[in-house]
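Report on one structure; see the data block that follows.
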Amino acid sequence: MKTTKDFWVMKNEGKKIVMITAYDYPSAKQAEQAGADIILVGDSLGNVVLGYDSTVYVTMEDMIHHGKAAKRGAPNTFIVADMPFMSCHLSIRDTLLNGARLIQETGAQAVKVEGADEMIPHIKALVRAGIPVVSHLGLTPQTAAVLGGFKVQGKDGEAARKMLEDVKECQEAGAFALVLECIPKQLAQEISTTLTIPTIGIGAGVHTDGQVLVYHDILTYGVNRAPKFVKAYANADQLMLKGLQDYADEVRSMNFPDDEHSFTMKEEELKTLYGGRG
């Protein structure tokens with residue numbers, strides 16, 4: 001399993017970091033088999049798996065439940081678990097308690113915290129307590145309503161300068177890596193060059209130190225409409241739907257189960273079932 005130090009080395013050597021967001025045992029297992037460097041158990045599970053229209057409904061219990069499953073599926077991969085909405089905002093004490101729960105109860109190696117500014121003291125507290133932190137800036141889904149919806153961030157000079165200040169503060173607070181979501185590729189390149197910690201982009205161009213996409217988006221699995229920054233590498237929905245339809249057709253036509261998928265008993269044993277009558 002890689003460590004935080006390994007990711008810094010990868011950045012310095014120009015080796016791209018592959019992160020996949022996965023939410024359960026089978027998806028995490030496949031991500032590990034595919035060679036992902038990091039698995040993110042994201043609070044986007046609220047949208048993708050639980051059917052919510054926002055991540056704000058995701059609870060600590062949800063994150064722990066899914067984090068445990070992902071860890072069982074990928075025991076040899078570095079796992080980052082999201083701190084869900086309001087789990088690290090009310091007080092430093094709450095932040096530490098919730099961060100400790102995520103690490104202890106899921107087996108994750110790190111937590112991810114959205115935002116800068118008022119979150120900086122919380123990041124510092126987590127790091128001081130021995131909990132590795134990934135920061136998340138740009139489009140931060142938990143506060144999308146405040147940002148004016150799901151749209152590209154840092155497009156004008158003032159916003160870009162503020163983001164440059166924010167990422168430096170996150171690094172100084174002790175974050176070992178940074179997720180950059182939905183920002184101009186030029187800004188992402190500038191940030192990646194400026195920081196000593198690795199950057200992982202999602203909708204941030206090719207010049208970040210790594211990339212992250214959601215398992216379901218990569219495979220077109222249960223996805224209604226993917227964002228512009230998503231590239232699908234397979235169509236699982238199409239394949240799975242055909243499999244389910246074929247199953248239903250064979251049940252109705254009595255072609256399933258056939259002899260290959262059924263069990264039998266010896267003829268003499270069958271006779272005893274009927275009291276010896278043949």
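Every residue gets a Cβ built from N, Cα and C, even glycine.
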Annotated companion of Asp43, Ser44, Lys112 at the 3-methyl-2-oxobutanoate site, Swiss-Prot, chosen from Asp24, Asp82, Asp94: Asp82
Fewest other Cβ within 10 angstroms of its own Cβ, chosen from the recorded positions Asp82, Glu181: Glu181
Alpha-carbon spacing, Asp82 (3-methyl-2-oxobutanoate binding site) to Glu114 (Mg(2+) binding site), which is rounded to whole Å: 9
Cα-Cα distance linking Glu114 (Mg(2+) binding site) and Asp43 (3-methyl-2-oxobutanoate binding site), given in Å to the nearest integer: 11
Fewest-neighbour residue among binding-site residues, criterion Cβ within 10 Å, set Asp43, Glu114: Glu114
Cα-to-Cα gap, Ser44 (3-methyl-2-oxobutanoate binding site) vs Glu181 (active site, proton acceptor), nearest whole Å: 13
Whole-number Å value of the largest CA-CA distance among Asp43, Ser44, Asp82, Lys112, listed as 3-methyl-2-oxobutanoate-binding: 12
